[in-house]
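Chemist: Here it is: the structure, laid out below.
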Amino acid sequence: MKDLPARRLLLVHAHPDDESINNGATMARYAAEGAHVTLVTCTLGEEGEVIPPALARLTADRDDALGPHRVGELAAAMRELGVDDHRFLGGAGRYRDSGMMGAEQNGRPGSFWSTSVDEAAAHLVEVIREVRPQVLVTYDPDGGYGHPDHIQAHRVAMRAADLAADPAYGSDAPHTVAKVYWNRVERAAAEAGFERLRTTAPGAFPGIASVDDVPGVTDREHITAEIDGSAYAGAKSAAMRAHATQIAVDGPFFALSNDLGQPLLTTECYQLVRGVPGVPEGERESDLFAGLPPATDGTGAAGAPSATGAANPADAEGGAA
């Protein structure tokens, strides 16, 4: 791939729809601003539940056709966000959705959870060295809420960032990602969103979720970047609607298959865990590329320091492997 824009953003997610819920406004904003946005999705989401009754036959325990259907949903969502570069890790269907933690699907041959981290990371290294992103976004060590595929996506993304920077690994030119972020949701913002839901649309869904049900929710001191995506609220909402088997959207609120309403947030928050902050200590970045040269090739310096001050990136992620 040649002649890419100066700014290049890579996002690594577990299933189709995760990108739109977590980063839809961010992706739409950077795509509109001319950055090259690459999404890597690790599975097809075959084990998901299905909201529309007319599509109930797609589930894994019936026709087992949900994965291919969600490929189409993801393509539609990417059109809404203006993102042209989407890949499935290792190719579509290479790794299967592992189901929720403790499910028998966790250990199924070919499931993402049962796959060696280094094996899966090798495919992501290829993408990193091809696209040469300055910024990588993925989950925290818990995957946001403990789903095995989210945890594995975190491990694979962090490992791939290490391997891609290692000149001794593989034959392609190494590349160091300058900044690595984890998805976060500020607790206070989530609480305010739930209060709006309770006061303005209490009957929009059969029930209302709790703040602690929101993946990646954390206190304000862990938030280092805040992306204002309000101008792209429509694009994010449309992308989420495209994932119709998984998400029901009602104005500024949505629900998953559990029918529990929650706020659709267009200010998206992140925690910088590798790289140098682009703002003074105590301030929040408003741009994930803050502090980077405007036309860098993104190679960065080997062993870019962790924003948490950890010499070993594993220390910054709670020792996750």
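Positions of Cβ are set from backbone N, Cα and C atoms, glycine also.
For reference, Swiss-Prot lists these features for the protein:
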| type | residues | note |
| --- | --- | --- |
| BINDING | HIS15, ASP18, HIS150 | Zn(2+) binding site |
| REGION | 280-321 | region 'Disordered' |
| COMPBIAS | 290-321 | compositional bias 'Low complexity' |
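What does the local environment look like for each feature on the list?
Modeler: Long-range Cβ neighbours of HIS15 (Zn(2+) binding site) (same chain, at least 6 residues apart, Cβ-Cβ under 8 Å): THR41, CYS42, THR43, LEU44, GLY45, GLY48, ARG70, ASP97, ASP149. HIS15 (Zn(2+) binding site) falls within neither a helix nor a strand when secondary structure is assigned with DSSP, and so counts as coil.
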Chemist: Note the Cβ centroid of HIS15, ASP18, HIS150, the recorded Zn(2+) site, then list each other residue of that chain whose Cβ lies within 8 Å of it, in sequence.
Modeler: HIS13, ALA14, ASP17, CYS42, THR43, GLY45, TYR139, GLY143, GLY144, HIS147, ASP149, ALA153
Chemist: Would you mind listing, in sequence order, the residues at least six apart from ASP18 (Zn(2+) binding site) in the same chain with a Cβ closer than 8 Å to its Cβ?
Modeler: THR41, HIS150
Chemist: When DSSP is mapped onto helix/strand/coil, what comes out for HIS150 (Zn(2+) binding site)?
Modeler: helix
